[in-house]
């Protein structure tokens, strides 16, 4: 059984794969202040709830865009699982040809998504990941990672509205009954949702025009389903794209180490 861990700025998503299939997954808040023991006890409870234990896990891979948390997570893996985790970063074999000016600047989550997207859906491809920041990644027909776009996530946009406009309340981000709001809450819901949908459609349209291709558009992340239901540019929603990519990277690197006799 392989344990995969994707650490984002707001949430961390954990999963266990058995024989190539995602058996279970969990989401928890990213906490930069937790120790390896606190993370260890939390993961222990999650595993035990599914009838699993640390001993059932034979390999671990971690992707993180929050560097300060990595020390605690690596110590947790070594102390409780007795396994040194594979970390997505320099030295890991991805199979990607990254055409960024500085490939090291590409976030681990974007690399993992690209690996999974190419394997599952082919190329050319645009991957939209709705996280704390929303990222757009373009992979051309030759399976080269060409770059992308980074924008504030929908929650950051909403937080800016609450914090800068004193009389506006915090609201649930959901589809309103009509575009034209009849009260403050519905007007805000409409503005946040449809404003963001417009951003997604505009950016995807411009990316396609610049690429002079019709790449398939894959969406992932917490709000992918909500946005895709209101947009005509998203072809597929895959909520577990990142976890699948982590598993694929683990298998690729484990097989390479086996071939080298390590």
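Every residue gets a Cβ built from N, Cα and C, even glycine.
The feature ATP binding site is assigned by Swiss-Prot to 6, 7, 8, 9, 10, 11, 12, 13, 132. Counting only same-chain residues at least 6 apart in sequence, those with a Cβ under 8 Å from the Cβ of residue 10 (ATP binding site) are 29, 30, 131, 132, 155. According to DSSP, residue 10 (ATP binding site) is assigned to coil rather than to any helix or strand.
The substrate binding site annotation in Swiss-Prot covers 100, 107, 108, 109, 110, 184 and rests on sequence analysis. Sequence-distant neighbours of residue 100 (substrate binding site) (same chain, 6+ apart, CB under 8 A from its CB) are 106, 145, 147.
Cβ neighbour count for residue 109 (substrate binding site) (all protein chains, 10 Å cutoff from its Cβ): 27. Annotated active site, proton acceptor per Swiss-Prot: 109, in sequence order.
Among the features that Swiss-Prot reports, K(+) binding site is placed at 129, with the record citing sequence analysis. Long-range neighbours of residue 129 (K(+) binding site) (same chain, six or more residues apart, CB within less than 8 Å of its CB): 109, 110, 113, 135, 137, 219, 220, 221, 224, 241, 242.
The Cα of residue 6 (ATP binding site) lies closest to that of 108, out of the binding-site residues 107, 108, 184. Look at the Cβ of each of the binding-site residues 132, 184 and count the other Cβ atoms within 10 Å; the largest number goes with 132. Long-range C-beta contacts of residue 107 (substrate binding site), restricted to its own chain and to partners at least six residues apart, with a cutoff below 8 Å, comprise 65, 135.
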